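The ATP binding site annotation in TrEMBL covers A:107, A:149, A:180, A:181, A:182, A:183, A:188, A:267, A:268. If you look up TrEMBL, you'll see A:111-297 marked as domain 'ATP-grasp'.
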């Protein structure tokens, strides 16, 4: 198929920041795109060839959208999977394949997948309702503290909570969930794996993530991770094993814990470009968005090595600020060496909302880390 | 002024490939854009916030377009300058400033500027009509060979011709022109200078250009140029002198000859992002398009150093092919290390039309050069 012609249409479900960055690459290669998103203010609305406003969870909307495209991909997992399955049956190429997406969409199913395939992961229990958790605590089957995770539809740190007492359960929704052992870990790591239909597979260097202690959002992504080579090798091997077992097409971002004993446990995966790979735009030979396009179009995969070290700082809405967004001191961070802000174009800020990110690249990772700290201390995402 | 809000509008005259690459950067920073271009198929039509179809050389069209924006910039020099002058008088910020643009737009005026400011350039004569050239040849005032250049509106190698006999003058238009001594040179070099309103100035590393012998278009741009440090220093100093004398705001790409005696002569300049800086997208800490935005918004200028060596190969339409474009073997070049194609999105190819470019980056410049050669030999821009 000739992807570089308007006879070919790539459909993207979701028009947020990931889609926006994906569209830089489709434009670079002149690939014709349709985007579906519920918001008229979606960052993707400009830059795609045709924008469709609609509900990503509605069967008819997703099905109709998908019938008009040749290849369909996602920038968000929360989409109507029944529609995708029907589209796949009817010959639309859907990447990630719906089988992988179904496994990933539900965190309980995802965890069972790991245990079924001998992939190391933190011990957990699955519950259909919150009330079952309370019973399990009462019976001594579940000990505090544990990590509660909603089985479906968590985003931006919602859907995950550390539970230290029965009282912590009060605000949680009563749906399907898991309770996971809390793992004391040294580091959170991630590896992005790319796979095309031919079965070619490449991995990006292991990155290290530092989380905001309260918001449960990544504060810094550091590439390469400052860990032993043996640990990096193990993390890469486990990410590859997940990729091989899932038989995804496109990117798979594999998030892992490095325990105090240097064991690697898989936390969760995302079958699409991921926050842990944003630094690749500036630091890698092939950025993750171009790589995703290469993979889903079954093109040769690109070099995943880094030109220079890269650190990514998330720009999230400051606490106490809701309304029209202002990026305070953005001009000051532009003075710093190797600093590139990415503003997603969301008009309204609210506490902890992902509004953008800043990449810091440098030949020396320690220098990059110091500049990243200054970036974090300088720029503020506030309301007018 | 808050550039990062929809209260602010950046206008771009011209909606071609340079504008398209500029729009990646305005989108990255969420800067609101209007674009004016005569073609409904302009590559910028998607990705700008608002597209206006209209003639760039028509006073009223340019004036009306400019009245609605806060800062106005160009991606092509051939625009109605009287409209820009009126806009500038009325308080619109126009970058490059019209004074610099007026000097540059006309190649005869540009050459006189160099001699007036003691900037080394090849000797030349100025003619109002072609018939004056014929007289000058007859009188012995002009010897073959010389380089004929149209004073205005040359593009893609049109408007420049080596004249070796009276017969070579036959096909040339009868307008204002210059006849320039043909300089036997070792290398063609270029330096991109960025300057903001504050007067901050930075320069990119010197690049070396290899031209296609017939089409008079750049075949390879090589960064850094493989020249002596002393020559690179001299070229940078001369580029800075041109920049200082022109008092441009934004980018100024300065093209130069390195003569056999290692003298540097200024050939011509462009006050905007330039073909000789496309490699910066992949190779530099701050790419030329982001730098142009930083400069015209009077933001701090970014680091111009290279992360890795970069080579740019132009993708021009193959001879004998006119019509719907096909990028033959594009999948093969994606197999090569560090190769990124940029397809501009023009639907029709014709011989020597600029249809895209490919960047090759590598830690080792000689490896990059070898891969660039393979790219050049592999990909073909043909018609269906």
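For all residues, glycine too, the Cβ spot is worked out from N, Cα and C.
Sequence features, as recorded in TrEMBL, placed on the structure.
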{"residue": "A:180", "record": "ATP binding site", "Cβ contacts under 8 Å, 6 or more apart": "A:111, A:122, A:123, A:124, A:146, A:147, A:149"}
{"residue": "A:182", "record": "ATP binding site", "Cβ contacts under 8 Å, 6 or more apart": "A:145, A:146, A:147, A:162"}
{"residue": "A:188", "record": "ATP binding site", "Cβ contacts under 8 Å, 6 or more apart": "A:208, A:209, A:210, A:211, A:255, A:256, A:257, A:258, A:267"}
{"residue": "A:268", "record": "ATP binding site", "Cβ contacts under 8 Å, 6 or more apart": "A:107, A:110, A:255"}
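Between the two most distant C-alpha atoms of the annotated ATP binders (A:107, A:149, A:180, A:181, A:182, A:183, A:188, A:267, A:268) there are 18 Å. Per-residue pLDDT, averaged along the domain 'ATP-grasp' (A:111-297), amounts to 93 for this model. Residue environment of residue A:107 (ATP binding site) contains 23 other Cβ atoms, counted within 10 Å of its Cβ in all protein chains.
In the three-state DSSP classification, residue A:188 (ATP binding site) falls within a strand.
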